[in-house]
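Novice: What TrEMBL shows for this protein is this:
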DOMAIN    27-85  domain 'Lipopolysaccharide assembly protein A'
TRANSMEM  42-61  transmembrane segment
REGION    81-104  region 'Disordered'
Amino acid sequence: MQFLRTMFAAVLFAIFLTFCASNYNVSVKLQMWPGWEADINVVLLLLIVFLIGLMPALLYHSASRWNWRRRIDKLNRQIEDMQPENPPLVTPPLGEDGTPRPGQ
């Protein structure tokens, strides 16, 4: 599965590089406000729009990871609280006469 993900990423990167090479000198005029125009490269515009679109997904992903990590830590603390503070004492095995056997 990792190979397929790597191959898919490599194909997407190759398509992106081909697009960048073919549209390197193409500029687009953006009218920001009346009287404000910006000449921007198509490749740069594509990267900016991609990053703006990626931000909500990254924020959601990091928030959900934080939430899950917080829940797991809470459950781990509950498990630690359930453990006895002092482990029970192990009694040594007794001999036939009721006294502990030496060396065990």
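Yeah, the Cβs are placed from backbone N, Cα and C, and that goes for glycine too.
TrEMBL entries are annotated by machine, without manual review.
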Novice: As a quick check of your reading of DSSP, tell me how many residues in the domain 'Lipopolysaccharide assembly protein A' (27-85) are helical, how many are strand and how many are coil.
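Specialist: So the domain 'Lipopolysaccharide assembly protein A' (27-85) is made up of 41 helix, 13 strand, 5 coil.
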Novice: Return the average pLDDT for the domain 'Lipopolysaccharide assembly protein A' (27-85) as a whole number.
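Specialist: In the predicted model, the domain 'Lipopolysaccharide assembly protein A' (27-85) has a mean pLDDT of 92.
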